[in-house]
Amino acid sequence: MSSTKKPLVLTILDGYGHREEQQDNAILNAKTPVMDVLWQQQPHTLIAASGLDVGLPDGQMGNSEVGHVNLGAGRIVYQDLTRLDKEIKEGDFFTNPTLTAAVDNAVKTGKAVHIMGLLSAGGVHSHEDHIMAMVELAAKRGATAIYLHAFLDGRDTPPRSAESSLKRFTAKFAELGNGRIASIIGRYYAMDRDNRWDRVQLAYDLLTQAKGEFTADNAVAGLQAAYARGENDEFVKPTVIQATGEADAAMNEGDTLIFMNFRADRARQITRTFVNAEFDGFKRDKVVNFGDFIMLTEYAADIKVACAYPPASLTNTFGEWLMKHDKTQLRISETEKYAHVTFFYNGGVEEPFKGEDRILINSPKVATYDLQPEMSSAELTEKLVSAIGSGKYDVIICNYPNGDMVGHTGDYDAAVKAVETLDNCIEQVVAAVKAADGQLLITADHGNAEQMRDPATGQAHTAHTSLPVPLIYVGNKAVKAVEGGKLSDIAPTMLSLMEMEIPQEMTGKPLFIVE
């Protein structure tokens with residue numbers, strides 16, 4: 001049948017970095033006969049997935065959002081972190097019209113300025129330097145009640161590393177003589193992205209009503225009490241910070257709320273609980289009518305609140321270019337990485353392109369993925385293999401979340417099991433691609449599972465790495481690999497393998513040359 005398509009499949013193994021040392025390396029120590037043979041026998045190279053190569057500051061570890069934006073754009077996309085660092089350094093942040101108007105409004109009406117966000121130097125969802133700049137902006141413009149609601153990390157940072165950040169902000173508020181840390185809570189609750197509304201409700205009640213399971217006189221004492229209960233930063237239970245005699249810092253009508261996370265995927269849910277009139281994820285005991293709610297960057301097109309830094313639009317991303325050339329494409333992943341192969345890969349475009357189908361596989365409902373390291377990979381592989389053999393698609397883009405999601409738990413044995421599960425999946429994908437006479441690229445968006453312990457601290461290493469990632473070609477063409485690539489070279493590589501023109505906006509270079 002002449003209309004049967006021979007697909008080009010891009011398989012992204014999330015968190016699957018390349019590291020030569022075996023110590024604490026869940027990828028190298030796992031039994032991976034399939035990937036081993038592919039690496040030995042197929043054209044392959046290593047590509048950069050962090051720092052300046054993906055538009056992040058030099059040395060900054062890569063992450064899934066940044067990785068997928070670069071994969072889909074075919075050019076280095078300067079990330080919000082880099083953009084905001086530059087704005088603060090050059091002083092423009094302090095005159096941002098959206099932020100200054102929101103603070104001025106609170107000052108004029110005698111209301112509080114609430115600042116919330118992930119208090120972390122991780123630089124993945126936020127950066128504490130940006131939060132510090134926001135505190136300074138509010139104080140400079142005359143805000144007299146400044147409340148910081150700190151979401152704690154321990155995922156993109158070491159599991160117990162929040163104390164220095166809390167001390168830094170406590171000292172800043174003391175220096176200003178104004179404002180305080182009003183609450184602390186782990187990101188597990190405040191930044192869920194998987195519709196676990198019971199978690200989000202705990203964060204919402206803490207923020208709106210100053211209602212939490214625990215109370216402490218100061219943030220460091222609250223954190224130390226959480227550690228004594230066995231909670232790492234990520235899992236710190238809702239804790240109200242309020243010294244004897246202090247008024248509570250609940251959010252009230254007319255207050256200003258500024259959300260300082262710059263990454264969208266884990267900011268959306270809690271934002272919707274504040275701003276959606278029809279929100280029904282849980283019963284909100286208190287609905288606050290804010291004077292201003294500001295999101296630092298755009299979390300979703302349908303969230304209709306002011307945005308301090310709207311997105312710069314990307315034209316002729318890989319998905320859009322396929323649409324313009326009447327090609328069909330499929331995006332497929334589990335819940336945890338679905339936004340990455342759709343919204344982020346498409347350069348921040350929410351709606352599918354014409355000819356773009358999407359398949360969402362539900363991630364398992366477990367507390368943490370070390371409890372089910374295989375996640376939903378069996379169902380994902382079954383659907384992927386079926387799509388490869390369907391003859392419907394020119395291109396299929398798939399993300400397997402296991403390496404990253406299990407890597408984040410810090411559980412080495414579970415990460416090994418996750419990697420071994422992936423090897424079995426890849427075997428099935430390779431067979432399906434060969435049967436369809438298609439082409440397959442296997443890569444990753446960033447590293448994680450190859451470094452499961454921090455050699456400096458001895459703690460579990462739950463964060464991403466700055467290491468390179470593999471790129472392997474399997475298919476019906478004789479190709480030669482080019483060295484020195486990066487994630488933004490993948491889209492031009494794919495267009496080249498499809499013998500399509502590469503748009504001028506894509507500055508990446510093909511990494512496999514047809515011989």
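The backbone N, Cα and C atoms fix where each Cβ goes, and this holds for glycine too.
Since this is a predicted model, take the numbers as computed values, not measurements.
Ser64 (active site, phosphoserine intermediate) counts 28 other C-beta atoms within 10 Å of its own C-beta, drawing on all protein chains shown. Among the features that Swiss-Prot reports, active site, phosphoserine intermediate is placed at Ser64, with the record citing sequence analysis.
Per Swiss-Prot, the feature Mn(2+) 2 binding site maps to Asp14, Ser64, Asp445, His446; the stated evidence is sequence analysis. According to DSSP, Asp445 (Mn(2+) 2 binding site) sits in a coil region rather than a helix or strand.
Summarising the annotation, Swiss-Prot assigns substrate binding site to His125, Arg155, Asp156, Arg187, Arg193, Arg263, Ala264, Asp265, Arg266, Lys337. Under the three-state DSSP scheme, His125 (substrate binding site) falls in the coil class.
If you look up Swiss-Prot, you'll see Asp404, His408, His464 marked as Mn(2+) 1 binding site, on the strength of sequence analysis. Other C-beta atoms found within 10 angstroms of the C-beta of His464 (Mn(2+) 1 binding site) number 30, with every protein chain shown included.
Nearest neighbour of Ala264 (substrate binding site) by Cα distance, taken over the recorded positions Ser64, Asp404, His408, Asp445, His446: Ser64.
Whole-number maximum of the Cα to Cα distances across the substrate-binding residues His125, Arg155, Asp156, Arg187, Arg193, Arg263, Ala264, Asp265, Arg266, Lys337: 18 angstrom. His125 (substrate binding site) sits 11 Å from Ser64 (active site, phosphoserine intermediate), taking the Cα positions as reference. Of the candidate recorded positions, Ser64, Asp156, Asp404, His408, His464, the one lying closest to Asp445 (Mn(2+) 2 binding site) when CA atoms are compared is Ser64. Rounded to a whole number, the C-alpha distance linking Asp14 (Mn(2+) 2 binding site) with Asp404 (Mn(2+) 1 binding site) is 5 angstrom. A simple Cβ count within 10 Å picks out one of the binding-site residues Arg193, Arg266 as the most packed, and that one is Arg266.
Straight-line distance linking the Cα atoms of Ser64 (active site, phosphoserine intermediate) and Asp404 (Mn(2+) 1 binding site), rounded to a whole number, equals 9 Å. Taking the mean position of the Cβ atoms of Asp404, His408, His464 as the Mn(2+) 1 site, the remaining same-chain residues with a Cβ inside 8 Å of that point are Asp14, Gly15, Asn63, Ser64, Arg155, Asp156, Gly403, Met405, Gly407, His446, Asn448, Ala449, Thr462, Ala463.
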